[in-house]
Amino acid sequence: METATVVVAPAPVAITQPPQHKLMELKPSFAAVAKPSPARKAKPAKKKLAGGCGGYVLEDVPHLTDYLPELKSYPNPLQDHPAYSVVKQYFVNPDDTVAKKIVVHRSSARGTHFRRAGPRQRVYFQPDEVTAAIVTCGGLCPGLNTVIRELVCGLHDMYGVTSIYGIEGGYKGFYARNTVELTPRSVNDIHKRGGTVLGTSRGGQDTAKIVDSIQDRGVNQVYIIGGDGTQKGAASIHEEVQRRGLKCAVVGVPKTIDNDIAVIDKSFGFDTAVEEAQRAINAAHVEAESAENGIGVVKLMGRNSGFIAMYATLASRDVDCCLIPESPFYLDGKGGLLEFVEKRLRDNGHMVIVVAEGAGQDLIAKSMNFADTHDASGNKVLLDVGLWLSHKIKEHFKKKPSFPITLKYIDPTYMIRAVPSNASDNVYCTLLAHSALHGAMAGYTGFTVAPVNGRHAYIPFYRITEKQNKVVITDRMWARVLCSTNQPCFLTHEDVEGAALDEEEPHIPLVEGENALVRNPSMCSGNGHLCSGAA
């Protein structure tokens, strides 16, 4: 395989004096490997790509040796671990990659691949050298404590790392709060609790201060758990760490209850959220069918993506209408939502509506003349679509005195995200944490870890922050929802065409240029497979 573009950090420059805001002395700093000139500014990181035959593209992740080429490696201590030494072929083959797209045509190119996650035969950290820091950012999500626990226990039990610290209160905790020491004993039962034992916050990221703190405390592995905004911050931290020439692996674990992170199969906590949403839907169904012309309205989480609402609707089979941000709807007129509500009540005597929190925001803002505002993370502040929709339905039936209704509105959103993770998510969080720490020990950095088509992979930060994962309303899964609820689709032909265009894959050119690939014909065999070559 030929590497077309290699990520090389700028020449190392002198390290400035340690900041005065140091909160805790852990040990003398060994994270600084080189001395860079403070006058140099960070340059945008180039994509690390490699091309092969048949349209094969590897979107690789950075490695510490990209800018610290003299870094020493050591045998992986797992080879002597009694629990793993008996496992056949436990170490990942360095040439293993995971395909981004597995449904292809006969004539399709091999397409984009990511480096497969897992332990390597050589590591770039010795156990007594490691000082690891773990931080949780953004909103709550089931499974946060499980990821923290498994990072701590994995580093300690598999690699013998004993210096592990938690950063309290999100990104700001790096320079505004004390750290807390984490041991297998102190985190033993935290997976049974909701929330995060480290605390969290939104916004407030100062990259320079964060890296000052990392450098001053001698931290050389940073595990950052959060959503797409948090991962963007992690990318900035990685770039600054690289600019300063520090031996420090920056690793992201993607977290979003909405399941809206691109590329990956799903985010942790999603299964738990769907399971908990069933309780609210069941309650709404009981209320609705117990009253004359009863209507149950349930608002679920889903700022820009309606995955929780969609999967909860499919799992329940008691839902009569599912409204999500990706599928526009309208209230009045022929084929509108209010007409459908009235028809369903006449036919069945009751109905349940599930609405994602981000659905119908344009309709609400238009009816209320509301100006956009944003929270500390830069997210648009949403209006309560559940209350608004309930009000509109009641207002509609007030004009029909002979058609009385009983409407109950249930908003379980913060109850759902505060629960502990279920068994499925606990296992998933364990795999994510182990894959993350294996990558850091092997010297990889500037990546997030997650399953792609069922196989855990190391994915460059830019790949999961460039766009959000959304429900494809031209896909069969959404068609299954419409078949289950028998609701109108509310879509115009232009809406469907626009959704289809949004799903087109970007083309990565195999031509000369920055971040592009140059295919080497000498690396190909006649059968079109990738032959041996430099990785």
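Indices start at 1 and increase along the chain as displayed.
Keep in mind that glycine also has a Cβ here, set from the backbone N, Cα and C atoms.
Those TrEMBL annotations? Automatic predictions, nothing curated.
Annotated active site, proton acceptor per TrEMBL: Asp258, in sequence order.
If you look up TrEMBL, you'll see Gly139, Arg202, Gly203, Gly227, Asp228, Gly229, Thr230 marked as ATP binding site. Around Thr230 (ATP binding site), the same-chain residues six or more apart in sequence whose CB sits under 8 Å from its CB are Cys137, Gly138, Tyr171, Ile224, Gly252, Lys255, listed in sequence order.
Here TrEMBL flags Asp228 as Mg(2+) binding site.
Cβ neighbours within 10 Å of Met415 (substrate binding site), excluding its own Cβ and spanning all shown chains: 14. Annotation comment: TrEMBL describes Thr256, Ile257, Asp258, Met301, Gly302, Arg303, Glu357, Tyr414, Met415, Ile416, Arg417 as substrate binding site.
Under the heading domain 'Phosphofructokinase', TrEMBL lists 132-438. Mean per-residue pLDDT, taken over the domain 'Phosphofructokinase' (132-438), amounts to 93.
Annotation comment: TrEMBL describes Gly229 as site 'Important for substrate specificity'. When other Cβ atoms within 10 Å of the Cβ of Gly229 (ATP binding site) are tallied across all protein chains shown, the result is 19.
The binding-site residues Gly139, Gly203, Gly227, Gly302 differ in how many other CB atoms lie within 10 Å of their CB, and the one with the most is Gly302. Nearest neighbour of Gly229 (ATP binding site) by Cα distance, taken over the recorded positions Asp258, Glu357, Met415: Asp258. Same-chain residues at least 6 positions away in sequence with a Cβ under 8 Å from that of Arg417 (substrate binding site) are, in sequence order, Gly139, Leu140, Cys141, Pro142, Ile257, Gly269, Ala273, Met301. The recorded positions Asp228, Asp258, Glu357 differ in how many other CB atoms lie within 10 Å of their CB, and the one with the most is Asp258. In this structure, the binding-site residues Arg202, Thr256 were compared by how many other Cβ atoms lie within 10 Å of their Cβ, and the smallest count belongs to Arg202.
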